[in-house]
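S.K.: I am attaching a structure below and will ask some questions about it afterwards.
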Amino acid sequence: MEKEKNKTASWLKGHVYDVAAYAGLVITIILFLIFSGDKLMYNATTVLQTVAPYAIISLGAVFVYSMGFMDVSVGQQVGVYAILYILISNKMGGTTAGVAVAFIVVLAIALACGAFNGAVAVWLGLPSIVTSLFLMFFFTGAQLLLMEGTGNTSISIQAKIKPMDRNQYTLMLIIAIAVVAVLVTYFFKYTKFGKYTKAIGANEIAAEQSGVNTTKWKVFAYMAFGVTVAIGAFIMLTRTGSAGKGTGTGFAMDVMICLILGGMPLSGGMKSKVSSALVGTFTYVLLSNDLTTMGVDLNMINFLKAVIFIIIVMITCRKRDGVLPR
Amino acid sequence: MKTSKKIMALALTGALAASSVSVVSVSAEPKKATIGVCFYQDTGKAPNATKAFLESLADTLNVEFKYGTFTQTDEAANLTKVQELIASGVDGIIGTMDLGTQSILSECEAAGIYYAGYLCDFDTSYTTAYDDVFGNSNFLGTVVDGHAPDDVNIGDQFFDSLIEYNERNADAPLTHVSMAVFPVWAFPAQTTAAEQFVADVEEYNKTAETPITVDPLDEEVDVLNFAPLDSTYFSKHPDTQAIMSFAAGTSFVYPTMVSAGVDSDIKLFTTGADGGEETNFGSAGTQTYQQIAFTGAESIVYPLVLMLNKINDTEFADMPEKAERISTELYIVNSDEDMELYVNSLYNTADAANAAYTPEDVLNMTAFGNPDATYAGLVEAVQTLTY
């Protein structure tokens, strides 16, 4: 009996972060079911629409965060990619071929930026956050310049990139999330890629001395992240059909919050999990949705979000020498 | 003196509207409605005054209001906010931002609810997607904070304020002024207003004994990219005696004037009012502020009444086929007398007891509350807030 108790206590101690993350998700789902009332189905589809781009980008971010790194340029990249999708496809007459060309161009840029982010940080011996800061400023300028060229604050895509039927669109989003989740899970859990990124997060020097080419895997991690940013930007564009000077603002912070809410340790390492991206994203979006449907005062919503965030950070941060990623 | 009349008309308009209530009987009990209102920021003079005004109407109009905030930059975030409000059961949404409007309207259409604008010219939609937005039966129109870009007169009003100041201070008139605006891509009406102001001054100078010099707009320092005025502004305009800030000067110009130590020497004529201006306004304190301007929160009756008509299955006989954008007159405060009235206004106090319209006045503007009510009457009620 005593042994059983100790076993449970020991399991709980080892999984306190997971329990906290899943408990958060369960609570937000219960509130969602209660307060959605007769709009449950509608609300479920809207939650899924909001979740989709965050989930896809957060899934890619798992590779970067598992190394204990982060990328603050995500928001600006999303903005520029969304604008490029529109400009290129509109230039090609709003055709499906135009959208395909735009996607290839954006994907190439995203891969190049990922490679830059990973490689330059290693070669110059800089914390990766510094190179992502550079990219953030670069993309901020690019976003403004691209929009200045259009003479508008916001532009719309001419091509049809979203099914007219709401159910079909919902299915499309579910498939997109599922495909990315399966691929990321496979690479993160069952290949060297995931093992090495986690090893870098746990102890980079030890990983290096074990023969892991840390530079190569860092670059790959950022490139994988870039791919999901390109896909996420496209999924976001299917929702709104438009983009502008401020599209993507705050995305980097949102992705970080999603991962932390999902139990991703800021310091990365062996306890990093793909599920953090999905659990955290759903919790984050449902939390905002619940507070609105519950009729919580506007100012209170921001306050509550801040309180919940800081509590989760304090619970999940296990890094001895600080709280921020490298 | 002229502008004092303008602002006093606010009280008169309310009194006139109230007097008409007594002779018109309410035809039907309004249906219970829930309306979402999304502001461009959480708090501030305009949101606070609008909330207070709306809450004062809630019982009489049988409406529950739910509030949210739109971002000024992110289409997806605004769409999410709209979806959350729809999920919470609103019958209509009043928004203050033209960002992602087409996707928002698609969502409103699918949910069978209405959408309308407030304090926003919806210029992007107006110029690039007019049929999709203004031709959409779920979009009911918008009321602009001041004049729409194709209907600007704020430049004339700045000129009037300057001349009135010079008449009051004939011994030390302002003869050299400079300007500040937000970028044309964001607020095209401001650049138009600046051009209008320059044209008015040029016309005035033809016969004036003491001509006025206006420094032309300098792209580098006079166009504020939503950041405070740069301190180099004063070296670029070394002779300026007053800044005509078509951009929100209280937040973006005044702090730089104070930190540069020129607030006692240079006057500020501006749009916007954030509170606290009275301390250094007109003949008080440092006398920096010589004009502030604001839009009456009562102008929200335009989208509100149109939305309530739809929810109550009623319509004005003279309702236009397509949605419209309606300009409003800004309240111009440019004398000590105006300031006394401003201090006690709904905008400054967020006290609905100071509003131009009572709940009964607003009910009287609706088609279900007053069978004789007209669209023209509603537009007039919004546009006569100051005149």
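In case you wondered, yes, glycine gets a Cβ from its N, Cα and C as well.
Feature list, courtesy of TrEMBL:
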type     : residues  : note
TRANSMEM : A:15-35   : transmembrane segment
TRANSMEM : A:47-66   : transmembrane segment
TRANSMEM : A:100-123 : transmembrane segment
TRANSMEM : A:129-147 : transmembrane segment
TRANSMEM : A:168-188 : transmembrane segment
TRANSMEM : A:219-237 : transmembrane segment
TRANSMEM : A:249-268 : transmembrane segment
TRANSMEM : A:300-317 : transmembrane segment
S.K.: Which stretch from A:15-35, A:100-123, A:129-147, A:168-188 shares the most C-beta pairs under 8 Å with the transmembrane segment (A:249-268)?
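M.R.: When the Cβ pairs under 8 Å are tallied, A:15-35 comes out ahead.
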S.K.: Out of A:15-35, A:100-123, A:129-147, A:219-237, what stretch is closest in contact terms to the transmembrane segment (A:168-188), meaning most Cβ pairs under 8 angstroms?
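M.R.: Answer, by Cβ pair count: A:219-237.
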S.K.: So if I exclude everything within five residues of the ends of the transmembrane segment (A:15-35), which remaining residues of that chain have a CB under 8 angstroms from its CBs? That is, six or more out.
M.R.: 43, 47, 261-263, 265, 271, 273, 276, 279-280, 282-283, 286-287, 289-290, 293-294, 308, 312, 315-316
